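Undergrad: Here it is, the structure in full.
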Amino acid sequence: MSSGASFIFLFFFLTSFTASVENVFYIKHICPNTTTYSRNSPYLTNLRTLLSSLSAPNASYSTGFQSARAGQAPDRVTGLFLCRGDVSPAVCRNCVAFSINDTLVQCPSERKSVFYYDECMLRYSDQNILSTLAYDGAWIRMNGNISIDQNQMNRFKDFVSSTMNQAAVKAASSPRKFYTVKATWTALQTLYGLVQCTPDLTRQDCFSCLESSIKLMPLYKTGGRTLYSSCNSRYELFAFYNETTVRTQQAPPPLPPSSTPLVTSPSLPGKSWNSNVLVVAIVLTILVAALLLIAGYCFAKRVKNSSDNAPAFDGDDITTESLQLDYRMIRAATNKFSENNKIGQGGFGEVYKGTFSNGTEVAVKRLSKSSGQGDTEFKNEVVVVAKLQHRNLVRLLGFSIGGGERILVYEYMPNKSLDYFLFDPAKQNQLDWTRRYKVIGGIARGILYLHQDSRLTIIHRDLKASNILLDADMNPKLADFGLARIFGMDQTQENTSRIVGTFGYMAPEYAIHGQFSVKSDVYSFGVLVLEIISGKKNNSFYETDGAHDLVTHAWRLWSNGTALDLVDPIIIDNCQKSEVVRCIHICLLCVQEDPAERPILSTIFMMLTSNTVTLPVPLQPGFPVQS
């Protein structure tokens with residue numbers, strides 16, 4: 001084949017994989033040039049055959065692993081792909097397609113390579129790599145520069161090591177060689193771990209690989225991972241994998257019937273027949289129960305947006321098509337947007353409680369028609385928000401642009417919003433200090449995810465008590481992303497001439513100059529936590545000291561050494577006063593006038609969860625601008 005024809009073939013070969021690729025997160029690739037091939041060599045032909053096999057429509061995307069060989073020695077090529085155990089077949093396929101495209105561009109002449117992505121790994125070599133343990137291609141990463149507090153470091157390292165090694169034992173014994181683990185570190189911090197081997201390894205080789213990878217991880221940080229070409233391990237203090245998927249995968253099998261053995265007696269008339277009937281009956285019972293469980297699971301996963309069903313979506317499968325719901329279904333669920341179903345109203349529209357025909361309850365937000373945003377932009381933003389998967393964010397289930405309206409459908413929160421309890425004298429007593437402190441930590445976790453842990457940096461811009469919803473267990477979830485802005489990878493600040501949000505919560509630089517950043521969210525967080533501590537709205541202070549807002553009042557009490565006078569009388573006698581004062585201190589750091597002096601959310605979270613972190617002296621606050 002001529003070089004020109006070869007180039008044309010390669011071009012079409014590459015472009016054939018790019019159509020369906022979306023949202024693949026590249027990590028690293030390794031392709032040593034110790035052995036290479038020429039453009040016209042048999043090895044390239046075999047490599048193309050191998051990659052075509054791995055990316056075929058019928059490849060094993062549902063299991064997340066496939067291996068293949070092509071050609072004869074010395075030009076034989078062996079390869080495999082391994083997708084992360086919690087991703088969907090669609091995401092697996094996209095990642096494999098992307099990696100194949102990347103491989104032929106980044107390693108155009110190397111005879112071996114390994115490509116790592118967050119969602120998958122692709123590997124090929126001129127040596128046999130199947131069912132063979134390999135420690136090459138190692139890559140180690142820590143989660144930024146955030147370290148666990150020095151006094152707790154050894155205990156944390158032991159905790160992570162023990163938890164991850166337990167997961168390694170489970171993974172090595174499982175058919176898919178994959179396992180996730182979730183363990184409580186503190187009242188506000190949960191450890192999430194994931195370990196995985198290529199399924200062609202033996203149990204012992206898988207455990208040896210994972211054990212080595214865990215030893216290499218920087219266990220003194222708040223997160224870390226090790227990637228080998230045969231296995232990988234990762235831990236974080238946030239949920240980085242799809243909990244819903246792994247919960248289903250790792251669910252224990254149904255309990256077997258009583259283990260009492262059947263006793264056979266000598267052949268008496270009718271006895272043998274009765275025993276056989278009994279055995280068949282038991283087996284059929286077990287099979288029917290198993291089939292019902294499988295059918296129920298499949299039904300829950302495959303429910304579509306039809307007039308008879310509620311939406312059900314998995315984070316990795318989210319597309320515009322999967323999110324779009326039938327307007328008539330939503331209208332019926334809200335009883336034609338009945339006033340009796342209305343549960344709230346804000347600047348961007350009305351909120352209704354909806355109940356689908358299968359009993360699923362949802363919150364339906366009917367957006368006002370004043371927005372100038374086009375349908376395409378609206379759909380794109382909906383998909384972005386829907387992909388934000390965190391336990392402290394309200395989950396967006398779908399949308400509709402039917403009937404001349406724009407509608408958002410969220411998961412339903414039975415306990416309404418934080419302000420419903422916090423500012424009602426009759427309900428305040430349901431929020432003791434323990435519960436309030438838990439709410440504060442949950443809000444911090446949600447903002448931290450938006451600012452740092454999600455793939456996009458997102459500024460909420462409207463953090464306030466009414467936008468913190470509470471689930472059945474009073475866990476907080478951030479809601480209402482109508483004003484949220486997405487920042488680019490290197491972007492730290494943005495200006496706007498359109499000041500939107502809620503006065504009293506807005507950082508001064510935003511309210512006055514239109515400048516917003518992660519630090520403007522930090523300011524709003526500080527005001528919100530002061531409200532949680534005091535039980536009073538930020539704009540309802542008309543005290544004897546002349547303060548007309550909560551920040552001014554808190555600053556004056558702090559300066560006078562009487563910070564505890566800020567605390568809600570309902571909780572003052574049943575709280576850890578040192579803990580409350582520390583929270584007030586953190587709030588005052590958040591509302592400092594100079595945005596550069598305000599801590600970022602990861603630092604704030606460390607301050608909240610570790611009493612050994614020294615807090616700096618707060619400087620003059622930026623007093624809120626009132627409407």
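From the backbone N, Cα and C atoms, a Cβ is placed for every residue, glycine too.
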Undergrad: Test of record reading: of ASN33, ASN305, ASN495, which one does Swiss-Prot tag as N-linked glycosylation site?
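TA: Record lookup, Swiss-Prot, feature N-linked glycosylation site, residue ASN33.
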Undergrad: Have a look at ASN101, ASN415 and find the one that Swiss-Prot tags as N-linked glycosylation site.
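TA: Among ASN101, ASN415, the residue Swiss-Prot annotates as N-linked glycosylation site is ASN101.
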Undergrad: Name the residue among ASN145, ASN358 that Swiss-Prot annotates as N-linked glycosylation site.
TA: ASN145
Undergrad: Which one of ASN58, ASN538 gets the tag N-linked glycosylation site in Swiss-Prot?
TA: ASN58
Undergrad: Could you pull the average pLDDT for the domain 'Protein kinase' (337-623)?
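TA: For the domain 'Protein kinase' (337-623), the model's average pLDDT rounds to 84.
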Undergrad: Measuring Cα to Cα, how many Å separate THR502 (phosphothreonine) from GLN345 (ATP binding site)?
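TA: Here the two Cα atoms are 14 Å apart.
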Undergrad: Sequence gap of 6 or more, C-beta under 8 Å: which same-chain residues meet both conditions with respect to TYR410 (phosphotyrosine)?
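TA: Correct list: VAL362, ALA363, VAL364, LYS365, VAL394, ARG395, LEU396, LEU397, ALA479.
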Undergrad: Among the recorded positions GLN345, THR502, which residue has the largest number of other Cβ atoms within 10 Å of its own Cβ?
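TA: Answer returned by the neighbour count: THR502.
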Undergrad: So what sits near ILE343 (ATP binding site) in its own chain, CB-to-CB under 8 Å and at least six residues off in sequence?
TA: VAL351, TYR352, LYS353, ALA363, LYS416
